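Feature list (source: Swiss-Prot):
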- 122-160: domain 'LRRCT' (DOMAIN)
- 19-40: repeat 'LRR 1' (REPEAT)
- 42-63: repeat 'LRR 2' (REPEAT)
- 64-85: repeat 'LRR 3' (REPEAT)
- 88-109: repeat 'LRR 4' (REPEAT)
Amino acid sequence: MKLTPELLSRSSSSINTLRDRELDLRGLKIPAIENLGVTRDQNDAIDLTDNDIRYLGNFPLLQQLKTLQLANNLISRIDPRIGHSLPALHSLNLTNNCISDLSELVHLSKCRRLEYLCLMGTPASREAQYREFVIWKLPQVRVLDYQRIKDKERARAKDLMETEDGRPTALAANILKKLGASAMDVDVDVMVGKQKTFEPGRLNGSSRRLLTAEERKAIEDAIESSESLEEIRKLEEQLKMGHTFV
């Protein structure tokens, strides 16, 4: 079932036990996050548990949203711009999803207010240095998988992942290099819940090529510094497409 404006308009929104306004979208076989702009940023929490979502992204700017419940979905990728779209995100539940690469979690580092994170049941959570990597790369998180992060864990994570002069260790670098590889393989149709295959070649008479990791970083930096909404939209579209015109 697509997340249409009509579905959103008839979905229940109520005050939960934490006295937050929560939008209930549980168990609707939703394949992709879309059309949330029609909610007019009126919810503190959104419950999308038990759906078929594959990509954590495509959010409009939701400055009010603090809690996202996404357990039991199929999420394997995270939008690099999620911190820009959800600046107030405080609690994120990704239990029993399909995230396999620890490097994918780096995108959550831009969620400055994220303090509660759960990744239990994901392939990534079974990696040997999973907890140390998350603690090191997401220092704002205070509770991981329902366990409070202790100071000694932070110290161990830093020793394991960072050299004395502040550079990633060989272990950390090996994990992070997968981020560049995955960034080169963005599938736009995964973002919108479709199953089409990209065919390289020409678009509107222009040839295109994949963005390099350096070009993606430059675009992300340009988005961060831009003050024009139109420019941000254009840059984000290029980033999501993963291609540039030549």
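Here the Cβ of each residue, glycine as well, is placed from N, Cα and C on the backbone.
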On the 0 to 100 scale, where does the mean pLDDT of the repeat 'LRR 3' (64-85) fall?
97
Number of helical, extended and coil residues in the repeat 'LRR 2' (42-63), per DSSP:
0 helix, 5 strand, 17 coil
For a three-state summary based on DSSP, what are the helix, strand and coil counts in the repeat 'LRR 3' (64-85)?
4 helix, 5 strand, 13 coil
